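Asks: The [2Fe-2S] cluster binding site feature in Swiss-Prot is assigned to 169; the stated evidence is similarity to another entry. Per Swiss-Prot, domain 'Thioredoxin' is recorded for 1-125, and the stated evidence type is sequence analysis. Residues or ranges marked as domain 'Glutaredoxin' in Swiss-Prot: 144-240.
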(Lines of atoms letter the chains of each structure in order from A and count residues from 1; the text may use other names and numbers.)
(Lines give C-alpha, C1' and ligand atoms only; values in the text may rest on other atoms or scores of the structure.)
Protein backbone atom coordinates (compact mmCIF):
# COMPACT_ATOMS: atom_id res chain seq x y z
CA UNK A 1 0.00 0.00 0.00
CA UNK A 2 1.09 3.57 -0.61
CA UNK A 3 1.87 5.84 2.33
CA UNK A 4 -0.55 8.67 3.12
CA UNK A 5 0.92 12.13 3.67
CA UNK A 6 -1.05 14.39 6.02
CA UNK A 7 1.28 17.37 6.42
CA UNK A 8 3.85 19.28 4.44
CA UNK A 9 6.43 18.49 7.13
CA UNK A 10 5.96 14.75 6.60
CA UNK A 11 6.53 15.21 2.90
CA UNK A 12 9.68 17.29 3.40
CA UNK A 13 11.18 14.63 5.71
CA UNK A 14 10.47 11.86 3.22
CA UNK A 15 11.87 13.97 0.39
CA UNK A 16 15.21 14.26 2.19
CA UNK A 17 15.66 10.49 2.48
CA UNK A 18 14.13 9.21 -0.76
CA UNK A 19 15.36 9.87 -4.27
CA UNK A 20 12.53 8.40 -6.31
CA UNK A 21 8.93 9.24 -5.41
CA UNK A 22 5.59 8.56 -7.07
CA UNK A 23 2.94 10.86 -5.60
CA UNK A 24 -0.81 10.72 -6.17
CA UNK A 25 -3.01 13.75 -5.46
CA UNK A 26 -6.67 12.92 -4.82
CA UNK A 27 -9.90 14.19 -3.28
CA UNK A 28 -12.64 12.22 -1.53
CA UNK A 29 -15.37 13.91 -3.61
CA UNK A 30 -13.76 12.79 -6.88
CA UNK A 31 -15.01 9.40 -8.16
CA UNK A 32 -12.10 9.09 -10.65
CA UNK A 33 -9.76 9.51 -7.67
CA UNK A 34 -11.23 6.39 -6.07
CA UNK A 35 -10.58 4.35 -9.21
CA UNK A 36 -7.01 5.62 -9.50
CA UNK A 37 -6.28 5.06 -5.81
CA UNK A 38 -7.00 1.36 -6.24
CA UNK A 39 -4.64 1.15 -9.22
CA UNK A 40 -2.04 3.25 -7.38
CA UNK A 41 -2.12 0.92 -4.36
CA UNK A 42 -1.79 -2.09 -6.64
CA UNK A 43 1.29 -0.63 -8.32
CA UNK A 44 2.75 0.31 -4.93
CA UNK A 45 2.25 -3.25 -3.68
CA UNK A 46 3.89 -4.65 -6.79
CA UNK A 47 6.91 -2.37 -6.34
CA UNK A 48 7.20 -3.23 -2.64
CA UNK A 49 7.44 -6.93 -3.50
CA UNK A 50 10.40 -6.29 -5.79
CA UNK A 51 13.89 -6.75 -4.36
CA UNK A 52 16.07 -3.64 -4.67
CA UNK A 53 12.97 -1.51 -5.12
CA UNK A 54 13.79 2.18 -4.77
CA UNK A 55 10.39 3.66 -5.53
CA UNK A 56 8.28 5.10 -2.74
CA UNK A 57 4.56 5.67 -3.36
CA UNK A 58 2.77 8.50 -1.54
CA UNK A 59 -0.85 9.66 -1.48
CA UNK A 60 -1.71 13.30 -0.80
CA UNK A 61 -5.19 14.75 -0.32
CA UNK A 62 -4.79 17.74 -2.63
CA UNK A 63 -6.96 20.25 -0.78
CA UNK A 64 -5.83 19.17 2.67
CA UNK A 65 -2.09 19.54 2.02
CA UNK A 66 -2.31 22.39 -0.44
CA UNK A 67 1.34 23.39 0.03
CA UNK A 68 2.44 20.26 -1.84
CA UNK A 69 -0.26 20.63 -4.50
CA UNK A 70 0.79 24.21 -5.11
CA UNK A 71 4.47 23.34 -5.17
CA UNK A 72 3.96 20.98 -8.12
CA UNK A 73 1.19 23.04 -9.76
CA UNK A 74 -1.48 20.36 -9.32
CA UNK A 75 -4.71 21.83 -10.70
CA UNK A 76 -7.00 18.79 -10.86
CA UNK A 77 -7.50 15.38 -9.29
CA UNK A 78 -6.51 12.69 -9.72
CA UNK A 79 -2.96 13.67 -10.68
CA UNK A 80 0.11 11.46 -10.26
CA UNK A 81 3.63 12.88 -10.41
CA UNK A 82 7.07 11.28 -10.56
CA UNK A 83 9.88 12.95 -8.62
CA UNK A 84 13.63 12.45 -8.91
CA UNK A 85 15.37 14.17 -5.99
CA UNK A 86 12.32 16.39 -5.58
CA UNK A 87 12.24 17.45 -9.22
CA UNK A 88 9.21 16.70 -11.37
CA UNK A 89 10.12 14.38 -14.26
CA UNK A 90 6.68 13.14 -15.38
CA UNK A 91 3.00 13.40 -14.54
CA UNK A 92 -0.26 11.62 -15.33
CA UNK A 93 -3.36 13.81 -15.11
CA UNK A 94 -6.84 12.32 -14.85
CA UNK A 95 -8.14 8.75 -14.50
CA UNK A 96 -5.78 6.92 -16.86
CA UNK A 97 -4.74 3.65 -15.18
CA UNK A 98 -2.89 2.20 -18.18
CA UNK A 99 -0.81 5.37 -18.61
CA UNK A 100 0.01 5.40 -14.89
CA UNK A 101 1.19 1.79 -15.02
CA UNK A 102 3.27 2.49 -18.12
CA UNK A 103 4.93 5.60 -16.69
CA UNK A 104 5.59 3.83 -13.38
CA UNK A 105 7.34 1.05 -15.26
CA UNK A 106 9.40 3.56 -17.25
CA UNK A 107 10.28 5.52 -14.12
CA UNK A 108 11.42 2.40 -12.29
CA UNK A 109 14.02 1.81 -14.99
CA UNK A 110 15.82 4.97 -13.89
CA UNK A 111 16.25 3.63 -10.35
CA UNK A 112 19.27 1.37 -10.95
CA UNK A 113 17.18 -1.79 -10.75
CA UNK A 114 18.97 -4.99 -11.64
CA UNK A 115 18.33 -6.27 -15.19
CA UNK A 116 16.49 -9.37 -13.96
CA UNK A 117 14.40 -7.25 -11.65
CA UNK A 118 13.61 -4.94 -14.56
CA UNK A 119 12.46 -7.85 -16.67
CA UNK A 120 10.25 -9.22 -13.92
CA UNK A 121 8.81 -5.81 -13.10
CA UNK A 122 8.21 -5.00 -16.76
CA UNK A 123 6.40 -8.30 -17.25
CA UNK A 124 4.23 -7.67 -14.20
CA UNK A 125 3.53 -4.10 -15.31
CA UNK A 126 2.55 -5.29 -18.78
CA UNK A 127 0.18 -7.81 -17.22
CA UNK A 128 -1.37 -5.04 -15.13
CA UNK A 129 -1.64 -2.77 -18.19
CA UNK A 130 -3.29 -5.50 -20.26
CA UNK A 131 -5.76 -6.28 -17.47
CA UNK A 132 -6.56 -2.60 -17.00
CA UNK A 133 -7.10 -2.15 -20.75
CA UNK A 134 -9.45 -5.13 -20.86
CA UNK A 135 -11.35 -3.81 -17.84
CA UNK A 136 -11.57 -0.36 -19.42
CA UNK A 137 -12.83 -1.78 -22.72
CA UNK A 138 -15.47 -3.85 -20.94
CA UNK A 139 -16.48 -0.90 -18.77
CA UNK A 140 -16.80 1.34 -21.84
CA UNK A 141 -18.83 -1.29 -23.69
CA UNK A 142 -21.26 -1.63 -20.79
CA UNK A 143 -21.54 2.15 -20.46
CA UNK A 144 -22.27 2.58 -24.18
CA UNK A 145 -24.96 -0.10 -23.99
CA UNK A 146 -26.49 1.76 -21.06
CA UNK A 147 -26.30 5.10 -22.88
CA UNK A 148 -27.99 3.63 -25.95
CA UNK A 149 -30.86 2.45 -23.77
CA UNK A 150 -31.10 5.84 -22.07
CA UNK A 151 -31.25 7.91 -25.27
CA UNK A 152 -34.02 5.58 -26.49
CA UNK A 153 -35.85 5.48 -23.15
CA UNK A 154 -38.45 7.90 -24.51
CA UNK A 155 -39.09 9.11 -28.09
CA UNK A 156 -37.92 12.52 -26.86
CA UNK A 157 -35.18 12.51 -24.21
CA UNK A 158 -33.56 15.52 -22.61
CA UNK A 159 -30.29 15.10 -20.72
CA UNK A 160 -30.09 18.13 -18.48
CA UNK A 161 -28.85 19.56 -15.20
CA UNK A 162 -31.67 18.98 -12.75
CA UNK A 163 -35.16 17.95 -13.84
CA UNK A 164 -37.99 19.68 -15.75
CA UNK A 165 -39.65 20.75 -12.48
CA UNK A 166 -36.40 22.12 -11.05
CA UNK A 167 -33.70 22.83 -13.66
CA UNK A 168 -30.25 23.47 -12.24
CA UNK A 169 -28.90 25.73 -15.00
CA UNK A 170 -30.22 28.48 -17.24
CA UNK A 171 -29.78 26.61 -20.52
CA UNK A 172 -31.61 23.56 -19.18
CA UNK A 173 -34.43 25.79 -17.95
CA UNK A 174 -34.75 27.54 -21.32
CA UNK A 175 -34.72 24.22 -23.19
CA UNK A 176 -37.50 22.81 -21.01
CA UNK A 177 -39.56 25.96 -21.62
CA UNK A 178 -39.19 25.67 -25.41
CA UNK A 179 -40.17 21.99 -25.41
CA UNK A 180 -43.23 22.62 -23.24
CA UNK A 181 -44.31 25.60 -25.34
CA UNK A 182 -44.23 23.36 -28.42
CA UNK A 183 -46.24 20.62 -26.72
CA UNK A 184 -43.44 18.07 -26.55
CA UNK A 185 -43.85 15.14 -24.20
CA UNK A 186 -40.38 14.13 -23.14
CA UNK A 187 -38.38 12.07 -20.72
CA UNK A 188 -35.41 13.52 -18.90
CA UNK A 189 -32.23 12.46 -17.16
CA UNK A 190 -30.40 14.50 -14.52
CA UNK A 191 -26.72 14.23 -15.46
CA UNK A 192 -25.72 15.80 -12.13
CA UNK A 193 -26.77 12.55 -10.43
CA UNK A 194 -24.58 10.25 -12.53
CA UNK A 195 -20.97 11.16 -13.34
CA UNK A 196 -20.50 8.16 -15.64
CA UNK A 197 -23.43 9.20 -17.83
CA UNK A 198 -22.41 12.86 -17.66
CA UNK A 199 -18.91 12.14 -18.98
CA UNK A 200 -19.76 9.16 -21.19
CA UNK A 201 -22.56 10.82 -23.15
CA UNK A 202 -20.21 13.60 -24.26
CA UNK A 203 -18.00 11.01 -25.96
CA UNK A 204 -20.91 8.82 -27.09
CA UNK A 205 -22.45 11.64 -29.13
CA UNK A 206 -19.35 13.79 -29.60
CA UNK A 207 -21.14 16.73 -27.96
CA UNK A 208 -19.29 18.52 -25.13
CA UNK A 209 -22.04 20.43 -23.31
CA UNK A 210 -25.46 20.08 -21.69
CA UNK A 211 -28.39 20.04 -22.13
CA UNK A 212 -28.58 17.48 -24.96
CA UNK A 213 -31.84 16.69 -26.75
CA UNK A 214 -32.45 13.31 -28.42
CA UNK A 215 -35.39 12.42 -30.63
CA UNK A 216 -35.87 8.77 -31.56
CA UNK A 217 -32.40 8.02 -30.20
CA UNK A 218 -30.67 10.62 -32.38
CA UNK A 219 -28.95 13.73 -31.07
CA UNK A 220 -30.64 16.96 -32.09
CA UNK A 221 -28.20 19.20 -30.25
CA UNK A 222 -27.88 21.60 -27.35
CA UNK A 223 -29.74 24.74 -26.38
CA UNK A 224 -28.42 26.95 -29.20
CA UNK A 225 -29.55 24.51 -31.89
CA UNK A 226 -32.91 23.93 -30.21
CA UNK A 227 -33.39 27.71 -29.94
CA UNK A 228 -32.55 28.23 -33.63
CA UNK A 229 -34.85 25.40 -34.75
CA UNK A 230 -37.64 26.85 -32.66
CA UNK A 231 -37.19 30.37 -34.03
CA UNK A 232 -37.20 29.02 -37.60
CA UNK A 233 -40.35 26.99 -36.93
CA UNK A 234 -38.57 23.71 -37.62
CA UNK A 235 -38.53 22.24 -34.12
CA UNK A 236 -42.21 21.33 -34.19
CA UNK A 237 -41.57 19.24 -37.32
CA UNK A 238 -39.28 16.97 -35.29
CA UNK A 239 -42.03 15.98 -32.87
CA UNK A 240 -42.48 12.16 -33.06
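Cβ atoms here come from the backbone N, Cα and C positions, even for glycine.
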Asks: Under 8 Å between C-beta atoms and at least six apart in sequence, can you list the same-chain neighbours of the residue listed as '[2Fe-2S] cluster binding site', or say none if there are none?
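Replies: Listed in sequence order: 160, 161, 162, 210.
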Asks: For residue 169 ([2Fe-2S] cluster binding site), name the DSSP secondary structure in the helix/strand/coil scheme.
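Replies: Note: residue 169 ([2Fe-2S] cluster binding site) is coil by DSSP, not helix or strand.
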Asks: Within the domain 'Glutaredoxin' (144-240), what mean pLDDT does the predicted structure show?
Replies: 95
Asks: For the domain 'Thioredoxin' (1-125), give the DSSP counts of helix residues, strand residues and coil residues.
Replies: 57 helix, 30 strand, 38 coil
